[in-house]
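Notes to accompany the following structure.
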Amino acid sequence: MMKVKIVADPTAGGKAGYELFAAALENNARVFGLATGSTPISTYDEITASNLDFSKCISINLDEYVSLAPTHPQSYHAFMQEHFFDKKPFSKSYVPDGLNPDEQEETARYEKLIAENPIDFQILGLGRNGHIGFNEPGTPFDSITHRVELTQSTIDANARFFDNEKDVPRYAYSMGIGTIMKSKEILIEAYGENKADAVKKMIEEPSTEQVPASVLQQHSNVTVLIDQAAASKLTKKY
Ligand code: GLP
């Protein structure tokens with residue numbers, strides 16, 4: 001059963017996301033799965049401004065662009081430093097190595113890291129086409145960490161962060177959907193009207209590989225945290 005929590009706006013979402021993170025920590029969560037994108041920023045702001053002690057915990061990020069160095073301003077390494085780790089660090093934080101050209105080696109290394117450090121609490125954002133991590137529509141629900149060829153819609157959505165559309169990397173390393181589903185608890189956040197269709201499909205329509213996030217209907221401990229705009233196409237009462 002998905003728990004659906006509707007809040008007024010992303011600021012209120014940040015407070016609710018923080019509460020869930022704090023409760024997981026209180027319940028002995030030690031490995032936190034983290035996401036990039038604009039969506040989780042309000043939650044990260046609340047967490048890093050708090051006095052929560054996660055100095056003995058580790059974090060494992062969902063994905064990274066292939067070919068970008070950790071110092072590249074648009075890398076997910078750099079995003080996480082700026083929005084989270086520079087403000088308040090974990091004991092150790094892992095992000096896939098976008099500079100490792102050996103796809104087999106990097107994806108196996110990352111999958112092993114997660115197998116050895118099972119994720120207690122995973123934060124996700126929701127792509128406009130229903131993607132989670134960089135798992136685009138059609139990705140098998142049992143997929144493990146893999147190299148992804150980005151779809152044109154994701155390249156276009158992310159082009160605003162680069163000088164030129166041609167500078168957007170074409171590939172990424174991403175946890176698979178099966179990898180994500182092994183997390184004990186999952187929080188997925190979505191804000192704004194442009195996520196309303198994906199939210200509707202994720203929650204109220206049959207689970208299908210065409211909508212990666214709809215796999216979460218099959219997980220036993222998921223909270224969907226959305227604002228009123230993202231909830232605007234839902235027809236049931238929550
Ligand atoms: C990227 C990330 C996803 C993220 C999505 C939505 O594609 N790989 O993890 O959920 O963008 O981003 P935003 O939160 O900015 O809408």
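Placed from the backbone N, Cα and C atoms, the Cβ positions cover glycine too.
Nobody curates TrEMBL annotations by hand; they come from automatic prediction.
TrEMBL annotations:
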- Asp63: active site, proton acceptor (ACT_SITE)
- Asn129: active site, for ring-opening step (ACT_SITE)
- His131: active site, proton acceptor (ACT_SITE)
- Glu136: active site, for ring-opening step (ACT_SITE)
- 24-222: domain 'Glucosamine/galactosamine-6-phosphate isomerase' (DOMAIN)
Asp63 (active site, proton acceptor) sits from Glu136 (active site, for ring-opening step) (Cα to Cα, rounded, in Å) at a distance of 13
Cα of Asp63 (active site, proton acceptor) to Cα of Asn129 (active site, for ring-opening step), in Å and rounded, measures 17
Once DSSP output is merged into helix, strand and coil, Glu136 (active site, for ring-opening step) belongs to coil
Across the domain 'Glucosamine/galactosamine-6-phosphate isomerase' (24-222) the predicted model averages a pLDDT of 97
His131 (active site, proton acceptor), DSSP three-state class -> coil
Cβ-Cβ distance under 8 Å, sequence separation of 6 or more, same chain as His131 (active site, proton acceptor); the residues meeting this, in order, are Pro137, Thr154, Pro212, Ala213
One finds that other Cβ atoms within 10 Å of the Cβ of Asn129 (active site, for ring-opening step) number exactly 18
